[in-house]
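Chemist: The structure under discussion is supplied below as structure tokens; questions concerning it will follow.
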Amino acid sequence: MSAVDTVRNRLDALPDVGLVVAFIASIWAVMLVLAIAVGGANWANLAAGFIGSVTVLIGGYAILALALNLQWGYTGLFNIGIAGFMAVGAYTTAVLTAPTDPAAGAVPGLGLPLWVGLIGGMAMAAIIGGLAALPALRLKADYLAIVTVAFSEIIRLIVNWDGLAEVSLLGVPIGTGGATGISFKSANQVASTFINGVGQPLVAAMEGVGVSGPNLANLTYGILLLLVVAASYWVLARITNSPFGRVLKAIREDETVTQSLGKDTRLFKIKTFMIGCALMGLAGVLFRGQAGYISPQQFRPTITFYVFAALIIGGSGSNTGSIIGAATFSGLLFYLPARLGENVSLGGTRAPGNIIDAVAGLGSLDPLPLLAYTISNVSTLRFVLIGVVLIYIIQNQPDGLLGHRNEPATSVSLDRPQSGSGGEADE
Amino acid sequence: MSEPEATARQETAVTSDAIDSPLLVVDGLRKEFGGVVAVDGATFSVAEGSLTGLIGPNGAGKSTTFNCITGIHEPTGGRVTFDGQSITGLPPYTLANRGLVRTFQIARELSEMTVLENVMLAPGGQVGESVIRSVTPGLRGDVIEAETAVRDRAWETLEFFEIDHLAHENAGNLSGGQRKLLEMARVLMTDPEMILLDEPLAGVNPTLEEKLLERIHELRREQGLTFLLVEHDMDVIMNNCEHIIVMHQGSVLAEGDAETIKSDERVLEAYLGGDV
């Protein structure tokens, strides 16, 4: 009985919504404990900061993992261009909503409201996703992967390109800002305005216990992002638990058979790819562009692999698993170690300058130098941890935390209708 | 005997046999893979409501013929007509929607899906296959209604093939024989007119074989389905098919009922590879 099995059995016992809420709440609890342990008198503000940041991370990765789960987990479309489709969404929103009269040196945009920008960003990401999928439809899965990764790099290089930094389109000056990036309407600002308006009494009360305004606004934003996750989950659950979702699963299993049963698989693949890319575009704005500023550096391919890691941990093929995986990855493997490293110190032991000195301590049976070294370099070493967890999961639990569950692709209960004879299959 | 002569004789045979109402007509079908000619001018037809057998030694081109008819491969030449309309080179999903479906030589179950999901996938034109309808609250009513009907029919079909006790099992956990039954159940759910069976009895034990054949005959009798059967077991073909087509080296060598085929020297020659 491995540790993962134990966690699994506990998770299995809960209904899905309760499961996700309990899981995120326990990550919050861990953050709270950490803040109390290291924060001293300032613990409340520290806790709000930790919880706000971790919630935004969980929200962002959850949307991305859900989108990837639709494409890869359900349909088997191997999209390794996630970063590119996020960039398309984020940049489209940025160009649509950037002010027409920007500060000196910044790039002007169309000055449209944020909601128009969000819809535009999602639509554009869907269109570009559809274009990327078109040539790949006639090809086998591996070629789609190559096409998407190439697309994502092309997109990043285009937005990084000076030639588009500021151009005049039909007399209207717009642009991507090139390598310096672009500022636009901040989604974070919406949360801030909201909490400082309607939530004024709460802000005052929180300030009483030492929680700063920006931290509270960030926490509000994180919670709003979780609402977006909930909405995405609702839509995706309906998409996947339907005859449409059944065809997607069948395409993943055997496309030839699916075609032989009368399904035009190309249409299903294109639609799926576009829906997934639209969500990725949304995450590009709300997650990477939350502060109202984006630059090409934020859309490097590494984020694509983080999302894959999150989905593999959670269990591809399961919507609930996608969110749990995103929370585990971003909260426990990505964020928590970094905060531990910053805030935990080993009394008098100074961290050695390099790994050789750290290991040398072991020769005299003194583990403290190595421990101190590990803690002070944890933000680098956490990637080793992520790698170890991935290898462990792939070897021992290839289905991830929840991928073993059967989420039947249908809109109705699958029990035998009443008229049927007895002998119900055991479950 | 030389090939062209055989083909010529065959063509006259088909016209003189005068199959009353051919559902499927294959005319001069040809398929080349690079320099290899897998199917070389195969010509035959399958009467509506019949159980027709397609036999031939290994490499005779039976499976390639199947793949060309069902749109898995695009034929290099020739014509295929189904129900009076040309279906040459049409994709598999179009054919399935017109009522021409197939099973595979090696059962291709969708292994990570349950048996019930496998079967519920098959019916054509399900309203819930539209994303908008499946998601939008107001439109979902139709989807639920259609799903309930599909589910009920799926249970009936599983009961017909006696694999209903496995409904919630992943298809990948089924035994070889159960997979063959599942494939049959699945194609049946598409409401076909004609089913092409590619070695449905290979690796199936005698009891199950009996059961499968019984189902095939029952479907013919009661729903008027047409079957084209590729099979290596001579006894099965001779005892069950009223019309038999023998392929050899990519073309049709002989055609007729069991007695005709049994007494055809060319067939024995093709199978035994020499004088008999």
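Placement of Cβ uses the backbone N, Cα and C atoms for every residue, glycine included.
TrEMBL feature annotations, pasted as is:
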- A:17-40: transmembrane segment (TRANSMEM)
- A:46-70: transmembrane segment (TRANSMEM)
- A:77-98: transmembrane segment (TRANSMEM)
- A:110-134: transmembrane segment (TRANSMEM)
- A:216-236: transmembrane segment (TRANSMEM)
- A:273-291: transmembrane segment (TRANSMEM)
- A:303-336: transmembrane segment (TRANSMEM)
- A:370-394: transmembrane segment (TRANSMEM)
- A:405-427: region 'Disordered' (REGION)
- A:408-419: compositional bias 'Polar residues' (COMPBIAS)
Chemist: Which one of these stretches, A:17-40, A:273-291, A:303-336, has the most C-beta pairs shorter than 8 Å to the transmembrane segment (A:110-134)?
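Modeler: Going through each listed stretch, the top one turns out to be A:273-291.
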Chemist: Tally Cβ pairs under 8 Å between the transmembrane segment (A:273-291) and each listed stretch (A:46-70, A:216-236, A:303-336), then give the stretch with the top tally.
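Modeler: Maximum Cβ contact count belongs to A:46-70.
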Chemist: What parts of the chain pack near the transmembrane segment (A:46-70), using Cβ distances under 8 Å and only residues at least 6 beyond its ends?
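Modeler: Sequence-remote neighbours of the transmembrane segment (A:46-70) are 24, 27-28, 31-32, 34-36, 38-39, 79, 82, 86, 206, 211-212, 215-216, 218-219, 221-223, 225-226, 228-229, 232-233, 236, 239-240, 248, 272, 275-277, 279-280, 282-283, 286-288, 290, 303, 306-308, 310-311, 314, 316-319, 321-323, 325-327, 329-331, 334-336, 339.
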Chemist: Mind checking which residues reach the compositional bias 'Polar residues' (A:408-419)? Cβ under 8 Å, same chain, six or more beyond either end.
Modeler: 240-243, 245-246, 248-249
Chemist: Which residue counts does DSSP give the compositional bias 'Polar residues' (A:408-419) for helix, strand and coil?
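Modeler: So the counts come to 0 helix, 0 strand, 12 coil.
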